[in-house]
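J.: Please see the structure below; I have some questions.
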Amino acid sequence: MPKEYMDEYEPLLIKPVKDSKRLKFPNKSLLLAVFAACVGGTFQYGYNISVINSPTMYVQDFINQTWANRYQSDISKDALTLLWSTIVSIFTLGGLVGVSIGGTLSIKLGRKRTLLTNNLFSLMAALLMGLSSSAGLFELLIIGRFFSGINAGIALSVQPLYLGEIAPTALRGAMGMGTSIFITGGILTGQVMGLKEVLGKREYWPILLSTTGIPAILQLLILPWFPESPRYLFIDKGDDEACKKALRQLHGAEDCHAALEDITKEKNNLAGFQAKKPWELFADRSLRWQLLTIILLNMAQQLNGINAIYFYADYVFKQSGIPDDKIPYATVGTGACECITALTCGLLIEYLGRKVLITGGYFLMSICCILFTLTLTFQDVSPVFPYLSMACVFAFILSFGLGPGGVTNILTTELFTQSSRPAAFIISGSVNWLSFFFVGLVFPFIIIGLQQYCFLVFLVVCSLVGLYIFLVVPETKNKTFVEIQNDFQSSKNVKLGNSDGAGTILLSTSI
């Protein structure tokens, strides 16, 4: 470390770095900061995905009635389907817009201020969707869902960034799991709020859709009490005093020294580098394998069959003898299953590591794809097969939540250093949202064409991605960002040298 840093931070650099890698319970302030970031962030994403399902019939009736009042004729079935599909899918377009600006905003405004500013989109969405019925304008639903998508896109690109940068090395995985835990928590909450006993009745659907503003208000009340990302303050802004203050609040006075040394090393490693643009990442050969990894992982997160499982869930529940009016409660069970699995993954990730969980998750999903195809094929052979199909639904969701659902965003944070991380999230987020859009567009045709055999396609995706991670991606548990970068590079280099080992040269392999 340069002497100018040693002189200033010597009182904080007394203890060895290895203390930072010892697993211990996180500081209370750190846990509250994670909650504050997530409740108005990825919780909104999960909530807005699921909350739109419950009032489907009521919203379609509203569109039909509004159309009749305007044009004195009923809307055609095709036009109604188009408008409803637009209301649902415009969320994806908004997400793509959000993720494309989220990385830039996180550099200009900082991680925390971007998350706070992002709540404006959520509040506008809540207001527009809540007023749509009384105003007699279904167009407000389309605009509101678009704003909800922008909010989700920004949250998915900035919140994991914030969580990864405020957490100590030993807890980075567990804190990063906040993204997945709150997504699944949002999905579950949306399912519960849509039950008839809560806000699932016809007269309540505008209130139900406007509840998306509640998490935004919570974040605006709580997050301002917590600091900006220490890494952003020190590396991007050069504000060392604010960085030390943030570390003391988040990690405690005793544990901030190791984090400060880690951040200082990363800053020294990035001396002279500016924050990179997305297209600069594609031109940087030293980051090519990391970039390929996050692109594949984010594509696979949408193309691995989890959407097909949810599509088939209602059918499987009906075949198992569950009455139609009870199926929403069974669906809540799938949401609870995914939420519990995300929590379990958060507890295990610092013990088993990222690679074991995500590789194991994809291989278990591959097995589930085979079993689910078989049980659906022989659905009418024996009354036991519908129950086996139901078991496969829950097993697939458990496998997804155990690894791919939670670890993907963590790896996007960990495989890049400060200068390239925001651009990496723009790329990974764009790939994720485009894959989401692709699935929504193509998936119905896959179901019609292949029926239950569509899971053989997902079997290939899960198997190949699991094999790629096993062979290519290094373990990142308990490693600093600089150490991870060096490990990734060394694993992709060929060492050449003399018989005595002197004069070793590293030659980068190309892809």
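Just so it is clear, glycine is given a Cβ too, placed from its N, Cα and C backbone atoms.
Note that the coordinates shown come from a computational prediction; the quantities given were computed from them, not determined experimentally.
Pasting the relevant annotations from TrEMBL:
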- 34-477: domain 'Major facilitator superfamily (MFS) profile' (DOMAIN)
- 30-47: transmembrane segment (TRANSMEM)
- 82-103: transmembrane segment (TRANSMEM)
- 115-136: transmembrane segment (TRANSMEM)
- 142-162: transmembrane segment (TRANSMEM)
- 174-192: transmembrane segment (TRANSMEM)
- 204-226: transmembrane segment (TRANSMEM)
- 291-312: transmembrane segment (TRANSMEM)
- 327-349: transmembrane segment (TRANSMEM)
- 356-378: transmembrane segment (TRANSMEM)
- 384-411: transmembrane segment (TRANSMEM)
- 423-447: transmembrane segment (TRANSMEM)
- 453-473: transmembrane segment (TRANSMEM)
J.: Take every residue in the domain 'Major facilitator superfamily (MFS) profile' (34-477), average their pLDDT values, and give the whole-number result.
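T.: Overall, the domain 'Major facilitator superfamily (MFS) profile' (34-477) comes to a mean pLDDT of 90.
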J.: Mark yes when the transmembrane segment (356-378) and the transmembrane segment (384-411) have three or more Cβ pairs under 8 Å (sequence separation 6 or more) and no when they do not.
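T.: Output yes: the transmembrane segment (384-411) sits against the transmembrane segment (356-378).
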J.: Quickly jot the same-chain residues contacting the transmembrane segment (174-192) by Cβ under 8 Å, restricted to those at least six beyond its ends, or write none.
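T.: Distant contacts of the transmembrane segment (174-192): 26, 30, 34-35, 37-39, 41-51, 53-54, 156, 159-160, 163-164, 166-167, 198, 328, 331-332, 335-336, 338-339, 341-343, 345-347, 349-350, 401, 405-406, 409-410, 413.
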J.: With pairs 6 or more apart in sequence, are the transmembrane segment (204-226) and the transmembrane segment (115-136) linked by at least 3 Cβ pairs under 8 Å?
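T.: Answer yes: the transmembrane segment (204-226) meets the transmembrane segment (115-136) with 3 or more Cβ pairs below 8 Å.
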J.: Could you give the residue numbers and ranges of same-chain residues that sit at least 6 residues beyond the transmembrane segment (423-447) on either side and whose C-beta is under 8 angstroms from one of its C-beta atoms?
T.: 89, 92-93, 95-96, 99-100, 102-104, 106, 153, 156-158, 160-161, 275-278, 280-281, 290-291, 294-295, 297-299, 301-303, 307-308, 311, 412, 415-416, 454, 457
J.: Mind checking which residues reach the transmembrane segment (356-378)? Cβ under 8 Å, same chain, six or more beyond either end.
T.: 297, 300, 304-305, 309, 312, 345, 348-349, 385-386, 388-389, 392-393, 395-396, 399-400, 402-408, 411, 451-453, 455-456, 458-459, 462-463, 465-466, 469-470
